[in-house]
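Taking it in order: structure first as structure tokens, then the write-up.
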Amino acid sequence: MTVPTGFSDDWDPMDRAFDPAPAAPKTGGIAARAMAARQVPDYLTGLNPEQKLAVETIEGPVLVLAGAGTGKTRVLTTRIAHILATGAARPSEILAVTFTNKAAREMKERISGFIGGNVEGMAWLGTFHSICVKILRRHAELVGLKSSFSILDTDDQIRLIKQIIQAEGIDDKRWTAKAFAGMMDGWKNRALTPDQVPEGEARAFANGQGRKIYEEYQDRLSVLNAADFGDLLLHVITLFKSQPDLLKDYQRRFRYMLVDEYQDTNIAQYLWLRLLAQGNPNVCCVGDDDQSIYGWRGAEVDNILRFEHDFKGATVIRLERNYRSTSHILAAASHLISHNEGRLGKTLFTDFHEDDHDLVSVTSAWDSEEEARSIGDEIEALQSNGHKLNDMAILVRASFQMREFEDRFITLGLNYRVIGGPRFYERMEIRDALAYFRCTVQPADDLAFERIVNTPKRGLGEATLKLVHELARSQRIPLMQAASQLCQTEELKPKPRNALKEVIGNFERWRAQLDSLSHTELAEIILDESGYTEMWRKDRSAEAPGRLDNLKELIRSMEEFESLAGFLEHISLVMDRDSADANDAVSIMTLHSAKGLEFDTVFLPGWEEGLFPHQRSLDESGRAGLEEERRLAYVGVTRAKKRAKIWFTSNRRVHGMWQSSIPSRFLDELPPDHVEIAEPSSNYGGYGGGGYGASRFDKADPFQSGSYATPGWQRAQKARQAMDGFSEGGGRGYQSARQKRQGPLTIEGELVAKSVSDSPSDYSLGERVFHIKFGYGAIKSIEGNKLTIDFEKAGVKKVIDSFVERH
DNA sequence: AGTAGTCGTATTTTT
DNA sequence: TACGACTACT
């Protein structure tokens, strides 16, 4: 194999080691077996005609529209097996992209079933982000990073933005870092670099400072040698666009490309794919426009709707045979989703018809407590009929709904598990520990450094950190380095200085041990010597023991990695904790996290206007929002294999206030023939607003009149008008905020300008200078940027030049 | 430096 | 209502 230009010889060492040579298949290999058989290879048996077509059409662009439960993953994995078996490509020449690590993992497992465990050869099977990191590590310099760059999580990101907003003298209450992060996320999802952000949008933040903040943020990232999640894709796109030769190499390399959940791709991901697909057209995208539920985080349903247009000569294959649900469930789901416009259109069908299949049920409850009680009752009833709790799930629209169920199930002693709660890596102690590791591996990781300098408490308060920050800023060096310089002088009081010295010394020592000790040993040493474990051991709070356990768990989970750096990379990309619970338990989760799963019985509570469809979705995105909510409903219903049970309440507590609620419009969009109105299990349901009327669910349904005469819509319009008025007059508020901070900022600006131009120190011996703390003095000696000064009042001190002014 | 009290806000979530 | 974040006080 020829090594493509631009790649060093470390380019995929896996190639030779793991790829079966296509020309001479090994005995027992799948290709060999397939060839020997000279008939339909066994991996193709059991596929329906459409699935088979989707597997075998490997040349040219293919769009597989795979409805819920139509064997999507099977097609995807079999297709890969087919490409390998026919010798069309080697494992390392296939690019297979998923959205979640879970999906990637599942795919790997299933493929290993086909190709006998050698999935390691599938070097390019992974999430968009992990594949981008892989590419980026190789060519980091070309986008201004070092290959050791670290990946920021949302928390770091927000902290960084906040610093920038504050440094700009912008009111960080009015313009929150979180809001900006969301905005910037939107830009990155659309692959917009700071200069490409549309003027109007850039102006929408902090009265025209949006672009500037974005620019500064990116500058800071490159100084920090870090990238956020959006950058991973964005940098690779920049790379591909600016390095045609490099792009060609990748185009040549990826002979077959597969994308899972195509309806969830954003514009950046689409562009990324397009660049690669320019080289060869063997792109296969699998998805379902009806299951697009991530529009709010940048997914473009348009990508899938436009596929045929974007990839000329595309074959479109529809998978409509459903292997999951009963005909009633499918009919209900299909009828519901048919109310959406702008679909590619699929009609699911099944051969699964039996007389005793349950209809989709709709039940009313007085309030959420009764809802939880009656669902609990049903679960217990099913359980006593021999149904497993594992086969049941409660899917809610918003996570606050979960609590009511948890409360009820605790009272009943019913086992449950909540899917998608706070994740392992998000816990404070894990993040702290990781920050220690990050600082060891990457001394320039300022955000990590900041996080733990004073954790556990070392008496390094605001004042000390401010000095470190000032120095780091003026010299454009990492905090760690600034701190180290500061320690060599007498800028700091002895106590903080010694504390700081110790921290830095620790990190230096640990760094030196990186190669000599195993990374797990070192990790333990770090947590011990830093006093971090000690801190939790002394902590008498209820959570402390659990936190120590988590830390142990963290160390244990490091074992399967080769190095600390490798582990950190994994952790920043792979954020899921897969705690496979062996116990029988009902799952409680949001509709969003239910996508891709299936259960015999699915409970769908909270089908009320305002909650589902969610008011905010309607307010913010109007029609498109409503359609996405409807798709969410579709996803919910299609998770059910045998029983789908919908609930709505007449009263619900919203922000602590009781509000009467109206049944969801989605209920009226279900086909009456497949739905039964079930009696609530307890006897005081149906009182008040819960009665059934003309629209089967509610007589006084204002939503039936005009589609957007809804209260929410009107509220949305008012809000928008208010916004418009505000942003026009908002300039004044901004001005005053800016003026207020002008003073200190200018001083800072002078300081920065001075120290940069003066570096290395151009003070001369004997010069008279002023220090803000020590007063006037004369320079006695100079080493680099460190000055020894004889102060008139404070005596002889060693200080850094940027802290003094000429006098 | 730690705590109490106040204020504001309040979907969906992966990487 | 309820929680988290930030302030101000001790």
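Going from the start of the chain as shown, residues are counted 1 onward.
Glycine is treated like the rest: Cβ placed from N, Cα and C.
Curation does not apply to TrEMBL; its annotations are automatic.
Keep in mind that what you see is a predicted model, and the values were worked out from it rather than measured.
Positions annotated as ATP binding site by TrEMBL: A:ALA66, A:GLY67, A:ALA68, A:GLY69, A:THR70, A:GLY71, A:LYS72, A:THR73. The domain 'UvrD-like helicase ATP-binding' feature in TrEMBL is assigned to A:45-326. The annotation domain 'UvrD-like helicase C-terminal' is assigned in TrEMBL to A:327-596.
Here the features listed in TrEMBL are painted onto the structure.
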residue	record	Cβ neighbours (10 Å)
A:ALA66	ATP binding site	28
A:GLY67	ATP binding site	27
A:ALA68	ATP binding site	26
A:GLY69	ATP binding site	22
A:THR70	ATP binding site	25
A:GLY71	ATP binding site	21
A:LYS72	ATP binding site	23
A:THR73	ATP binding site	16
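DSSP classifies A:ALA66 (ATP binding site) as strand under the three-state reduction. The ATP site is defined by A:ALA66, A:GLY67, A:ALA68, A:GLY69, A:THR70, A:GLY71, A:LYS72, A:THR73, and by the 8 Å test on Cβ atoms against their centroid, the other residues of the chain that qualify are A:VAL75, A:ASP288, A:LEU319, A:ASN322, A:TYR323, A:ARG324. Confidence over the domain 'UvrD-like helicase ATP-binding' (A:45-326), given as mean pLDDT on the 0 to 100 scale, stands at 90.
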